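A quick write-up on the structure given underneath.
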Amino acid sequence: MSTTAITILGTGVWGSALGTLAQANHHTVTAWSRRGPLTLTQSLAQAQVLVVAISMKGIPDLAAQLQQLKLPTSTIIVSATKGLDPATLRTPSQIWQATFPNNPVLVLSGPNLSKEIEQRLPAATVVAGPNQAAVETVQQLFSSDCFRVYTNPDQLGTELGGTLKNVIAISVGVCEGLKLGTNARAALITRALPEMIRVGTHLGGQAETFFGLSGLGDLLATCTSPLSRNYQVGYQLAQGKSLPEILDQLHGTAEGVNTTNVLVDLANREGIPIPIARQVHRLLKGRITPQEALESLMDRELKPEACDLL
């Protein structure tokens, strides 16, 4: 494989893990951060592939800055951010595609806990987008004996799976923090999947994508690991800590907190049923206790399971 020049925007644990994978495949990696020594212009000088691994809140400003630099249309943009923009309700890749309409824009998402990837533990992910040549290029860049990369044309579904599961991870953290048991956790995760699918398909994603790595896979990883920041938010809320206290002590961004707010706004506008996410939202706003959130879900109207699985 020929050497590819890759620029990674964001030097947090996720950006660093992706950089390590690319370097292990003998590609040239340049890392940029807001506080780093390189300017954006310097970091992008040779970039053939641009990987964006910053938090959602920084995406709009960064996109505006990059737009001034006039990227070559051959540069592949890979979004590795999970979230929704509160101002526009758009996903990260939608922002990038609107900013660079002539560039291939892809999404990389899956059950990828950064610390495990840094330790070279086996993992798999999905790179998604409509440009098959670009997708296969990025697949080759990161694939290795410890990191298996699959492709998918459903860019939006892949992206939404990784975004929406962060909200559910908060709820599962609450479940674990309250010591509700394995049965409760299994029920919560299982009922969360159709909730994610309802939102995802309403917005244009394909239902089957949510049964893959970027949907169910990421949901399982994030909802069952204390390494997940979103899980930790829910767990510590159940332990009686306040949200500001939790976020202040958290190492990194829990995207699920912002995503919950945006998701509820979106669901209200579009009339999408999201009972689990709605209780997470009420909890994050301090309107109910973790125990009250549980009671609200358990006391809902009884119904057949099949009526809303998809």
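Keep in mind that glycine also has a Cβ here, set from the backbone N, Cα and C atoms.
Remember, predicted model here, so these are calculated numbers, not experimental data.
The NADPH binding site annotation in Swiss-Prot covers TRP14, ARG34, ARG35, LYS82, SER114, ARG229, GLU255 and rests on sequence analysis. The secondary structure of SER114 (NADPH binding site), as reduced to three states from DSSP, is helical. In the shown protein chains, 18 other C-beta atoms lie within 10 A of the C-beta of SER114 (NADPH binding site).
According to Swiss-Prot, the sn-glycerol 3-phosphate binding site annotation covers LYS82, GLY110, LYS165, ASP218, SER228, ARG229, ASN230, on the basis of sequence analysis. Sequence-distant contacts (6 or more apart, same chain, Cβ under 8 Å) of ASP218 (sn-glycerol 3-phosphate binding site) comprise SER109, GLY110, PRO111, ASN112, GLY161, GLY162, LYS165.
The active site, proton acceptor annotation in Swiss-Prot covers LYS165. Residue environment of LYS165 (sn-glycerol 3-phosphate binding site) contains 32 other Cβ atoms, counted within 10 Å of its Cβ in all protein chains.
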If one measures from the C-alpha of ASN230 (sn-glycerol 3-phosphate binding site) to the C-alpha of ARG35 (NADPH binding site), what distance in angstrom results, rounded to a whole number?
25
